[in-house]
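S.K.: One structure, pasted below without further comment.
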Amino acid sequence: MQNLEQITEQALDAIARAEDGKALDAIRVEYFGKKGPFTALMQGLRDVSPEARPAVGQKINDAKQLAQNALNEKKVQLETAELNAQLAKEKIDVSLPGRKVETGGLHPVTMTIDRVTKFFSELGFSVESGPEIESDYYNFDALNIPKHHPARADHDTFWFNPELLLRTQTSGVQIRTMEKMQPPIRIMAPGRVYRNDYDQTHTPMFHQIELLYVDKKANFTELKGLLHDFLRAFFEEDLQVRFRPSYFPFTEPSAEVDVMGKNGKWLEVLGCGMVHPNVLRNVGIDPNEYAGFAVGMGVERLTMLRYNVTDLRAFFENDLRFLKQFK
(Lines of atoms letter the chains of each structure in order from A and count residues from 1; the text may use other names and numbers.)
(Lines give C-alpha, C1' and ligand atoms only; values in the text may rest on other atoms or scores of the structure.)
Protein backbone atom coordinates (compact mmCIF):
# COMPACT_ATOMS: atom_id res chain seq x y z
CA MET A 1 0.00 0.00 0.00
CA GLN A 2 2.99 2.27 0.46
CA ASN A 3 3.57 1.84 -3.25
CA LEU A 4 -0.05 2.87 -3.91
CA GLU A 5 0.33 6.06 -1.89
CA GLN A 6 3.56 6.92 -3.70
CA ILE A 7 1.96 6.37 -7.12
CA THR A 8 -1.03 8.49 -6.13
CA GLU A 9 1.15 11.36 -4.90
CA GLN A 10 3.25 11.25 -8.07
CA ALA A 11 0.14 11.31 -10.24
CA LEU A 12 -1.38 14.24 -8.33
CA ASP A 13 1.90 16.17 -8.51
CA ALA A 14 2.24 15.57 -12.25
CA ILE A 15 -1.35 16.64 -12.82
CA ALA A 16 -0.86 19.84 -10.81
CA ARG A 17 2.24 20.75 -12.85
CA ALA A 18 0.64 20.20 -16.27
CA GLU A 19 0.62 23.46 -18.26
CA ASP A 20 -1.56 22.54 -21.21
CA GLY A 21 -3.94 19.94 -22.55
CA LYS A 22 -1.22 18.06 -24.42
CA ALA A 23 0.85 17.55 -21.25
CA LEU A 24 -2.25 16.53 -19.30
CA ASP A 25 -3.19 13.95 -21.91
CA ALA A 26 0.31 12.46 -21.67
CA ILE A 27 -0.14 12.10 -17.89
CA ARG A 28 -3.48 10.38 -18.41
CA VAL A 29 -1.89 7.80 -20.68
CA GLU A 30 1.08 7.36 -18.35
CA TYR A 31 -0.93 6.70 -15.18
CA PHE A 32 -4.30 5.43 -16.40
CA GLY A 33 -3.36 3.65 -19.60
CA LYS A 34 -3.14 -0.13 -20.10
CA LYS A 35 0.49 -0.09 -19.05
CA GLY A 36 0.06 2.47 -16.27
CA PRO A 37 0.70 1.83 -12.55
CA PHE A 38 -2.96 1.86 -11.54
CA THR A 39 -3.71 -0.85 -14.07
CA ALA A 40 -0.72 -2.86 -12.84
CA LEU A 41 -1.94 -2.59 -9.26
CA MET A 42 -5.37 -3.89 -10.21
CA GLN A 43 -3.78 -6.79 -12.07
CA GLY A 44 -1.68 -7.57 -8.94
CA LEU A 45 -4.82 -8.30 -6.93
CA ARG A 46 -4.62 -11.92 -8.06
CA ASP A 47 -1.58 -12.31 -5.80
CA VAL A 48 -3.48 -11.03 -2.77
CA SER A 49 -5.22 -13.51 -0.48
CA PRO A 50 -8.95 -13.88 -1.05
CA GLU A 51 -9.71 -12.51 2.41
CA ALA A 52 -7.75 -9.27 1.89
CA ARG A 53 -8.55 -8.81 -1.81
CA PRO A 54 -11.79 -6.75 -1.40
CA ALA A 55 -10.19 -4.25 0.97
CA VAL A 56 -7.07 -3.85 -1.15
CA GLY A 57 -9.13 -3.46 -4.32
CA GLN A 58 -11.22 -0.77 -2.65
CA LYS A 59 -8.12 1.21 -1.68
CA ILE A 60 -6.73 1.00 -5.22
CA ASN A 61 -10.05 2.18 -6.69
CA ASP A 62 -10.26 5.06 -4.19
CA ALA A 63 -6.72 6.19 -5.04
CA LYS A 64 -7.34 5.89 -8.76
CA GLN A 65 -10.60 7.82 -8.46
CA LEU A 66 -8.83 10.57 -6.49
CA ALA A 67 -6.25 10.95 -9.24
CA GLN A 68 -8.93 10.77 -11.95
CA ASN A 69 -10.96 13.55 -10.28
CA ALA A 70 -7.83 15.70 -10.04
CA LEU A 71 -7.14 15.10 -13.73
CA ASN A 72 -10.72 16.04 -14.70
CA GLU A 73 -10.58 19.23 -12.65
CA LYS A 74 -7.24 20.17 -14.16
CA LYS A 75 -8.62 19.59 -17.63
CA VAL A 76 -11.51 21.98 -16.95
CA GLN A 77 -9.09 24.58 -15.56
CA LEU A 78 -6.82 24.39 -18.60
CA GLU A 79 -9.73 24.56 -21.06
CA THR A 80 -11.21 27.54 -19.22
CA ALA A 81 -7.86 29.34 -19.18
CA GLU A 82 -7.39 28.65 -22.90
CA LEU A 83 -10.88 29.95 -23.70
CA ASN A 84 -10.35 33.10 -21.62
CA ALA A 85 -7.06 33.76 -23.38
CA GLN A 86 -8.72 33.36 -26.76
CA LEU A 87 -11.60 35.66 -25.79
CA ALA A 88 -9.18 38.27 -24.49
CA LYS A 89 -7.30 38.12 -27.77
CA GLU A 90 -10.46 38.50 -29.85
CA LYS A 91 -12.44 40.83 -27.63
CA ILE A 92 -14.26 43.77 -29.18
CA ASP A 93 -14.55 47.13 -27.52
CA VAL A 94 -18.30 47.66 -27.91
CA SER A 95 -17.89 51.31 -26.94
CA LEU A 96 -16.05 52.00 -30.20
CA PRO A 97 -18.18 53.43 -33.05
CA GLY A 98 -18.93 51.04 -35.89
CA ARG A 99 -17.02 51.22 -39.13
CA LYS A 100 -18.87 53.03 -41.89
CA VAL A 101 -19.85 50.80 -44.80
CA GLU A 102 -18.67 52.31 -48.07
CA THR A 103 -21.39 52.06 -50.69
CA GLY A 104 -20.80 52.41 -54.39
CA GLY A 105 -22.39 54.95 -56.67
CA LEU A 106 -23.16 55.47 -60.32
CA HIS A 107 -20.49 57.00 -62.54
CA PRO A 108 -21.42 60.57 -63.55
CA VAL A 109 -21.48 59.56 -67.22
CA THR A 110 -23.92 56.75 -66.40
CA MET A 111 -26.04 59.20 -64.41
CA THR A 112 -26.25 61.49 -67.43
CA ILE A 113 -27.17 58.66 -69.81
CA ASP A 114 -29.91 57.56 -67.41
CA ARG A 115 -31.18 61.11 -67.06
CA VAL A 116 -31.33 61.71 -70.82
CA THR A 117 -32.89 58.36 -71.73
CA LYS A 118 -35.48 58.71 -68.96
CA PHE A 119 -36.61 62.08 -70.33
CA PHE A 120 -37.01 60.88 -73.92
CA SER A 121 -38.45 57.48 -73.01
CA GLU A 122 -41.33 59.33 -71.37
CA LEU A 123 -41.96 60.91 -74.78
CA GLY A 124 -42.15 57.56 -76.53
CA PHE A 125 -38.55 57.16 -77.70
CA SER A 126 -37.20 53.61 -77.43
CA VAL A 127 -33.53 52.63 -77.01
CA GLU A 128 -31.76 50.96 -79.94
CA SER A 129 -28.17 49.75 -80.15
CA GLY A 130 -25.68 48.66 -82.79
CA PRO A 131 -22.12 47.33 -83.23
CA GLU A 132 -19.12 49.42 -82.18
CA ILE A 133 -17.03 47.90 -84.98
CA GLU A 134 -18.85 49.36 -87.94
CA SER A 135 -18.61 49.29 -91.73
CA ASP A 136 -17.81 52.43 -93.69
CA TYR A 137 -21.25 52.13 -95.32
CA TYR A 138 -23.21 52.51 -92.07
CA ASN A 139 -20.78 54.99 -90.54
CA PHE A 140 -20.31 57.21 -93.61
CA ASP A 141 -21.86 56.25 -96.97
CA ALA A 142 -25.47 55.76 -95.85
CA LEU A 143 -25.27 59.04 -93.92
CA ASN A 144 -24.51 61.05 -97.05
CA ILE A 145 -20.89 61.62 -96.00
CA PRO A 146 -18.78 61.87 -99.19
CA LYS A 147 -15.55 59.95 -99.77
CA HIS A 148 -13.46 63.14 -99.54
CA HIS A 149 -14.92 64.23 -96.17
CA PRO A 150 -12.15 64.89 -93.57
CA ALA A 151 -13.95 62.73 -90.96
CA ARG A 152 -12.83 59.68 -92.96
CA ALA A 153 -9.13 60.55 -92.57
CA ASP A 154 -6.82 58.43 -90.40
CA HIS A 155 -6.15 61.34 -88.05
CA ASP A 156 -9.85 61.38 -87.12
CA THR A 157 -10.93 57.73 -87.38
CA PHE A 158 -9.57 54.37 -86.17
CA TRP A 159 -9.60 52.07 -89.22
CA PHE A 160 -9.10 48.29 -89.16
CA ASN A 161 -9.06 48.05 -92.94
CA PRO A 162 -10.57 50.09 -95.80
CA GLU A 163 -14.07 48.85 -94.93
CA LEU A 164 -14.11 48.40 -91.12
CA LEU A 165 -13.61 50.99 -88.37
CA LEU A 166 -14.44 51.86 -84.78
CA ARG A 167 -17.64 53.86 -85.17
CA THR A 168 -17.20 57.61 -84.86
CA GLN A 169 -20.89 58.19 -84.08
CA THR A 170 -23.98 56.19 -83.18
CA SER A 171 -25.69 57.36 -86.38
CA GLY A 172 -25.22 53.89 -87.85
CA VAL A 173 -27.87 52.70 -85.41
CA GLN A 174 -30.32 55.10 -87.08
CA ILE A 175 -29.61 53.60 -90.51
CA ARG A 176 -29.97 50.02 -89.27
CA THR A 177 -33.23 50.92 -87.53
CA MET A 178 -34.74 52.61 -90.59
CA GLU A 179 -33.79 49.59 -92.70
CA LYS A 180 -35.78 47.22 -90.50
CA MET A 181 -38.63 49.50 -89.34
CA GLN A 182 -41.26 51.52 -91.14
CA PRO A 183 -42.23 55.05 -90.02
CA PRO A 184 -43.28 56.38 -87.65
CA ILE A 185 -39.90 55.87 -85.96
CA ARG A 186 -38.94 57.35 -82.62
CA ILE A 187 -35.64 56.05 -81.20
CA MET A 188 -32.57 57.04 -79.21
CA ALA A 189 -29.15 55.42 -79.57
CA PRO A 190 -26.77 55.77 -76.60
CA GLY A 191 -23.34 54.18 -76.79
CA ARG A 192 -19.56 54.43 -77.00
CA VAL A 193 -17.92 56.06 -80.01
CA TYR A 194 -14.27 56.52 -80.97
CA ARG A 195 -12.23 59.32 -82.51
CA ASN A 196 -8.49 59.82 -82.80
CA ASP A 197 -8.25 62.78 -80.43
CA TYR A 198 -6.99 63.35 -76.88
CA ASP A 199 -6.84 66.61 -74.92
CA GLN A 200 -8.66 68.45 -72.13
CA THR A 201 -12.01 68.29 -73.93
CA HIS A 202 -11.56 65.16 -76.08
CA THR A 203 -10.78 61.49 -75.42
CA PRO A 204 -10.32 58.62 -77.92
CA MET A 205 -13.44 56.98 -76.52
CA PHE A 206 -16.50 58.88 -75.37
CA HIS A 207 -20.26 58.43 -75.16
CA GLN A 208 -22.90 59.78 -77.47
CA ILE A 209 -26.68 59.76 -77.57
CA GLU A 210 -28.50 60.29 -80.85
CA LEU A 211 -32.21 60.76 -81.43
CA LEU A 212 -34.16 59.99 -84.57
CA TYR A 213 -37.77 60.85 -85.28
CA VAL A 214 -39.35 60.04 -88.65
CA ASP A 215 -42.99 60.72 -89.45
CA LYS A 216 -45.13 62.45 -92.05
CA LYS A 217 -45.39 65.68 -90.08
CA ALA A 218 -41.93 65.93 -88.49
CA ASN A 219 -40.67 69.52 -88.72
CA PHE A 220 -38.02 71.87 -87.38
CA THR A 221 -40.44 73.71 -85.11
CA GLU A 222 -41.22 70.45 -83.34
CA LEU A 223 -37.49 69.75 -83.04
CA LYS A 224 -36.83 73.16 -81.46
CA GLY A 225 -39.63 72.73 -78.94
CA LEU A 226 -38.41 69.26 -78.00
CA LEU A 227 -34.84 70.43 -77.38
CA HIS A 228 -35.95 73.50 -75.43
CA ASP A 229 -37.93 71.28 -73.09
CA PHE A 230 -35.10 68.75 -72.79
CA LEU A 231 -32.34 71.24 -71.98
CA ARG A 232 -34.40 73.02 -69.35
CA ALA A 233 -35.33 69.70 -67.76
CA PHE A 234 -31.76 68.37 -67.88
CA PHE A 235 -30.12 71.44 -66.34
CA GLU A 236 -33.13 72.16 -64.10
CA GLU A 237 -33.04 75.82 -65.09
CA ASP A 238 -35.02 78.10 -67.36
CA LEU A 239 -32.02 78.47 -69.66
CA GLN A 240 -31.62 80.72 -72.65
CA VAL A 241 -31.26 78.47 -75.69
CA ARG A 242 -30.19 79.44 -79.19
CA PHE A 243 -29.96 77.58 -82.49
CA ARG A 244 -27.08 78.46 -84.83
CA PRO A 245 -27.12 77.42 -88.50
CA SER A 246 -24.50 74.76 -89.14
CA TYR A 247 -23.60 72.00 -91.59
CA PHE A 248 -23.83 68.24 -91.21
CA PRO A 249 -23.86 65.98 -94.31
CA PHE A 250 -26.73 63.88 -92.94
CA THR A 251 -29.13 66.72 -92.02
CA GLU A 252 -30.50 69.70 -93.95
CA PRO A 253 -31.10 72.23 -92.52
CA SER A 254 -28.67 71.71 -89.64
CA ALA A 255 -28.08 73.60 -86.41
CA GLU A 256 -25.88 73.64 -83.36
CA VAL A 257 -27.56 74.37 -80.06
CA ASP A 258 -26.07 76.60 -77.34
CA VAL A 259 -27.16 77.45 -73.82
CA MET A 260 -26.26 80.57 -71.88
CA GLY A 261 -23.75 79.76 -69.14
CA LYS A 262 -23.56 81.36 -65.72
CA ASN A 263 -20.51 83.30 -66.89
CA GLY A 264 -22.62 85.04 -69.53
CA LYS A 265 -21.12 83.07 -72.43
CA TRP A 266 -22.84 80.75 -74.87
CA LEU A 267 -21.92 77.07 -74.49
CA GLU A 268 -22.41 74.53 -77.28
CA VAL A 269 -24.30 71.44 -76.10
CA LEU A 270 -25.48 69.46 -79.15
CA GLY A 271 -26.11 69.32 -82.88
CA CYS A 272 -29.36 68.66 -84.73
CA GLY A 273 -31.22 69.01 -88.00
CA MET A 274 -33.79 67.60 -90.38
CA VAL A 275 -32.76 64.24 -91.83
CA HIS A 276 -31.29 64.74 -95.30
CA PRO A 277 -33.51 63.38 -98.12
CA ASN A 278 -30.57 61.32 -99.42
CA VAL A 279 -30.34 59.51 -96.08
CA LEU A 280 -34.04 58.63 -96.24
CA ARG A 281 -33.64 57.38 -99.81
CA ASN A 282 -30.67 55.20 -98.78
CA VAL A 283 -32.95 53.23 -96.44
CA GLY A 284 -35.94 53.07 -98.77
CA ILE A 285 -38.07 55.82 -97.20
CA ASP A 286 -39.72 58.28 -99.57
CA PRO A 287 -38.61 61.83 -98.57
CA ASN A 288 -41.63 63.23 -100.41
CA GLU A 289 -43.92 61.42 -97.98
CA TYR A 290 -41.88 61.37 -94.77
CA ALA A 291 -39.60 63.78 -92.94
CA GLY A 292 -37.47 63.31 -89.90
CA PHE A 293 -35.15 65.05 -87.49
CA ALA A 294 -32.01 63.85 -85.74
CA VAL A 295 -30.13 65.01 -82.65
CA GLY A 296 -26.60 64.16 -81.54
CA MET A 297 -25.19 64.97 -78.12
CA GLY A 298 -21.93 64.15 -76.35
CA VAL A 299 -22.67 62.65 -72.94
CA GLU A 300 -19.39 63.76 -71.38
CA ARG A 301 -19.99 67.29 -72.66
CA LEU A 302 -23.41 67.43 -71.00
CA THR A 303 -21.97 65.93 -67.81
CA MET A 304 -19.16 68.51 -67.69
CA LEU A 305 -21.64 71.35 -68.05
CA ARG A 306 -24.11 69.99 -65.52
CA TYR A 307 -21.50 69.29 -62.82
CA ASN A 308 -19.02 72.06 -63.70
CA VAL A 309 -16.15 69.68 -64.56
CA THR A 310 -13.31 71.36 -66.48
CA ASP A 311 -11.30 68.35 -67.69
CA LEU A 312 -13.11 65.55 -69.53
CA ARG A 313 -10.25 63.12 -68.84
CA ALA A 314 -11.17 63.06 -65.14
CA PHE A 315 -14.14 60.82 -65.98
CA PHE A 316 -11.82 57.98 -67.03
CA GLU A 317 -8.99 58.16 -64.47
CA ASN A 318 -10.82 56.15 -61.75
CA ASP A 319 -9.88 58.66 -59.05
CA LEU A 320 -12.20 57.93 -56.12
CA ARG A 321 -11.69 61.43 -54.73
CA PHE A 322 -13.33 62.74 -57.90
CA LEU A 323 -15.99 60.05 -58.32
CA LYS A 324 -17.20 60.21 -54.68
CA GLN A 325 -18.49 63.73 -55.31
CA PHE A 326 -21.31 62.31 -57.44
CA LYS A 327 -22.68 59.75 -54.94
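Yeah, the Cβs are placed from backbone N, Cα and C, and that goes for glycine too.
Features from Swiss-Prot:
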{"type": "BINDING", "residues": "E252", "note": "Mg(2+) binding site"}
S.K.: List every residue in the same chain as E252 (Mg(2+) binding site), at least 6 positions away in sequence, whose Cβ is under 8 Å from its Cβ.
M.R.: G273, M274, H276, P277
S.K.: Quick check: in three-state DSSP terms, what is E252 (Mg(2+) binding site)?
M.R.: strand
